[in-house]
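Each remark here refers to the structure printed beneath this line.
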């Protein structure tokens, strides 16, 4: 999100108009004509929404102050809130996640799937190969690096409640369940709402703008709309902070493995967080988007090299056999995994809070950022193309990644190598690599992957928070971007601090709590999107011409 390449204000304005002008036959919402298209107001990209920015900043400061000054009281309170959320709202996360899948698939298969995200005759902004490549990049990240070995191996050694024996296919299918259709359907519905509103209706790129059809323009521009954008910033910040914390844990573990320190304590983790925060904030405010894009492309190549390395030097035949087994188990158990709830007993409830509910909360917290990214690269695509691409491409990436890395870990475990018992979750990947050739080189590669993946994603998350706090501007102020980036780093430190010896628990606790209100926001976005597409002129034309076609 940098100014136009020729650097002129006129070019910036034209780019802004290109990004917001609706398709023909669709009116610009009343009151937005000047706001979106007038030259003077397009130049007002640095104007801050004082309510959204101020309220969010104050709440973040209060949370940070409370947690750092009275950590014991903060930890106790957050633990109690987490217990209440899991006990009383766990069902909401579980039902909502499945409903998002059904809603996205229904949109793609219905008559609404033909609606373009732009003008009726508009061509896609990016070629299909480039579009798929960018979504492949979106499907990768710190999460897959951190959990690629740990999660399948954990489910293999300690099967989920209701499963008495350890099966490699079931363990991998459980991991794929958490990284497949469900999370990417969440991203799809948010991305669709933003893309349809921006490119088809000419609305601002705000989460609140998706509610115009449901709430009306006055409510969207009033306190309700501002509350929605505040929740979106909170969700993005805590979701990004959780990823930052995971990255710090894994880099710290890697530093232990290579022998640079004996134990990665809190001070080292805070130092890693500080360095990563400095890197992504500097990247976000400097506008070096080409450099970050270059780093991202390099990282994708490095990730591919690492995957091929493990596939070739690991249990290759075992991994290949796991591919169809995992797909079969995933398809066979999808309904039962989707319906698993705390009604199964205390053990099931505890397992859900550590796995499924945490994942759904984490994905929900990332939907504002990832949704905006998917919307940005999908102009000109139809709703059907968008849904199919967004759900299938990253899910395929997750499948291949988990089968290779999880399969390698499970294979070693079956051969008598106790990879699972070698350390904490953040060290499991290194434990698996330690039993392959060139362990030192691959460990350094993993640490570089984690660092660059985070920097190349968190800078964009900071830009999104800047956009949400500055009226949907495509060019948020550098100081605002820096503020949200530094706040994210501070929240990550707080999460690790609150977690104490079990830092991962601290990351999970805060993420689930903050994401809970945004579930309601996403449900509202689905309702509003349905109202939008049901009134779309293209659908109206289909209704008018239907009798003639039947004749």
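Just so it is clear, glycine is given a Cβ too, placed from its N, Cα and C backbone atoms.
Copied over from TrEMBL:
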type	residues	note
TRANSMEM	51-69	transmembrane segment
TRANSMEM	89-109	transmembrane segment
TRANSMEM	129-149	transmembrane segment
TRANSMEM	181-199	transmembrane segment
TRANSMEM	228-252	transmembrane segment
TRANSMEM	264-288	transmembrane segment
TRANSMEM	300-323	transmembrane segment
TRANSMEM	357-375	transmembrane segment
TRANSMEM	387-410	transmembrane segment
TRANSMEM	436-458	transmembrane segment
TRANSMEM	479-498	transmembrane segment
TRANSMEM	510-531	transmembrane segment
- Query: Going through 51-69, 181-199, 300-323, 510-531 one by one, which has the most CB pairs that fall under 8 Å from the transmembrane segment (357-375)?
  - Reply: 181-199
- Note on the structure: Long-range Cβ contacts under 8 Å made by the transmembrane segment (479-498), restricted to residues 6 or more beyond its ends, are 48, 53, 57, 60, 63-64, 67-68, 71, 74-75, 78, 233, 237-238, 240-242, 244-245, 248-249, 266, 269-270, 273-274, 276-277, 280-281, 284-285, 458-459, 461-463, 465-466, 469-470, 506-507, 509-510
- Report the listed stretch (89-109, 228-252, 264-288) having the maximum count of Cβ pairs within less than 8 Å of the transmembrane segment (436-458). 228-252
- If you count CB pairs under 8 A between the transmembrane segment (129-149) and each of 51-69, 181-199, 387-410, the winner is 387-410
- Query: At least three Cβ pairs under 8 Å linking the transmembrane segment (510-531) and the transmembrane segment (51-69), pairs spaced 6 or more in sequence?
  - Reply: no
- May I ask which of the stretches 51-69, 181-199, 300-323, 387-410 has the most CB pairs under 8 A with the transmembrane segment (228-252)? 51-69
